[in-house]
Amino acid sequence: MNSASAALAEQLVPGTYVRQGLDAIRSREKLVTTLLAQRRLPDEGWDDASVELLLQTLSAMDSNNFLSGAGAGEREARIFSPLVARRHFHLAHGVGRSGDVAAVQPKAAGSSLMVQVANALAKDVLRLAGMRAVQAALVLPVATGMSLMLVLLQLRESKPNARYVIWPRIDQKSCFKSILAAGLTPLILANTMVEEKDGSPGGYLKTDLVGMAALMDQYGSDSILAVMSTTSCFAPRAYDSVKEIAELCQERGIAHVINNAYGVQASKCVHEVELAMRTGRVDAVVQSLDKNFMVPVGGAIVCSASRDVVDRVAKFYPGRASATPTLDFFITMLQMGKSGYRRLLQERKQLAAYMREKLDAFAIEEGERVLHVSSNEISFALTLGSFCSEVMEKQEKSRRLTLLGAMLFSRGVSGARVVSCLDHKTIAGHEFNSFGAHFDGFPVAYATFACALGMRHDEVDLLVTKLRKTIHEWRAKLNKRSPPGEYQVEQSFDTREPQVDCL
């Protein structure tokens, strides 16, 4: 409401009331002014009304929402369904232009402004989490695997004859397929196992730096496009030694891409990435939106210490793209604010310690252990060494352990993985023994559980309760002959793929 409208309003309503109402409007407008000036997360999260006021203003700036106008193009952001229009706050032009996913659209000033601010917020929240070396960030409308592929393809433009990517093994398909989809050949580097100090079966997996250097020597720097390292991952795999890898890549003139899928929420992980960016070569870091910022699946952030790298990735994206992941992230950052995100990070860290304590106590009850993986703050591996220990036939043992995973899933425990260390998988002609374990012949079966951002205290308690009850039911099921059809019902929950593909 401008001054003329306010003066007219005072002819209908007492001026003191009008001015009080205008003050309330101005206070919300000041939030927008501060956001555009600072381009950082607000200290405190906004309420719904403030966010909606901004989104309504932005959408009014897009040509499809002008009060009058003749759209004579083939793409005029026309929406048939009012429900769909409301779902997107009438922001229908998407993001970018045909030559640059971060470019400003002449017909969509509001959408373009939202994109630019969202990218600035992405940079700010990464720096807030501890990645202070980040100089530029880009919200991409595709998830982690496709974003990794785009980064590799962009790197290939400057090194067209290089065809290999060194990939320290992690048994998760999307990052592996991103290499294949980019038309490149993965050089799979086996991990090194560090055994338990007391000699018990198990241990943790770390990067084989000697083996990586040997691969670089064998294939040559000119033939190797990049190393794709991984931070956040399923226990018992530790984070890759990204600092040492960055130093190797800098020495050899090889690009380094870090798959940081859900690592932003873990302080140790962020610290390692920060060190790598400051001391060696890190071309780009890719992180998921949904895992780190509690938004729907569909987007990722590519960041770098070099603005040029991020700009090249933006220009490499073919065509316009959906604004939905960017809009979801934009809204969430405004409502979360710095204090909200800091609180979530701290709560997750405290809850992870509680989860470890509860799993340790449960493991003692079962005569098992929670493997010690010091650098993995998110995922915990509970050994299953005494489970099916009397079964000698590998296929039968794998079947029984898989049944336990299926029973957990059917009883409402999602995201848990039971890894028998006996399964074999072929992906695009590449053989993986003990798939799911990140290592050929890991010595003990295990189940993994993650304490990710947004998990609640009562969920941890419920997890342990359901785990105890399900294991009891599983043992009872195996100790007696199942009624007709009962076993088949459990088997209908095919948990093998989701267990491995939950990154």
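Placed from the backbone N, Cα and C atoms, the Cβ positions cover glycine too.
For the substrate site that TrEMBL gives as ARG97, SER98, GLN105, the extra residue drawn from ARG320, ARG342, ARG343 is ARG320. Neighbours of ARG320 (substrate binding site), defined as other CB atoms within 10 A of its CB across all chains, total 20. Each residue contributes its Cα atom, and for SER98 (substrate binding site) and ARG75 (pyridoxal 5'-phosphate binding site) those atoms are 12 Å apart. The two recorded residues GLN105 (substrate binding site) and ARG75 (pyridoxal 5'-phosphate binding site) have their Cα atoms spaced 12 Å from each other. Considering only the binding-site residues ARG75, ARG97, the Cβ with the fewest other Cβ atoms within 10 Å is that of ARG75. Among the recorded positions ARG75, ARG278, LYS291, ARG411, none has a Cα sitting within 10 Å of the Cα of ARG320 (substrate binding site). Cβ atoms within 8 Å of the centroid of the Cβ atoms of ARG97, SER98, GLN105, ARG320 (the substrate site) belong to the same-chain residues GLY94, VAL95, GLY96, GLY99, ASP100, ALA103, GLY319, site residues excluded.
Here the binding residues for substrate are ARG97, SER98, GLN105, ARG320. Their largest Cα to Cα distance works out to 10 Å.
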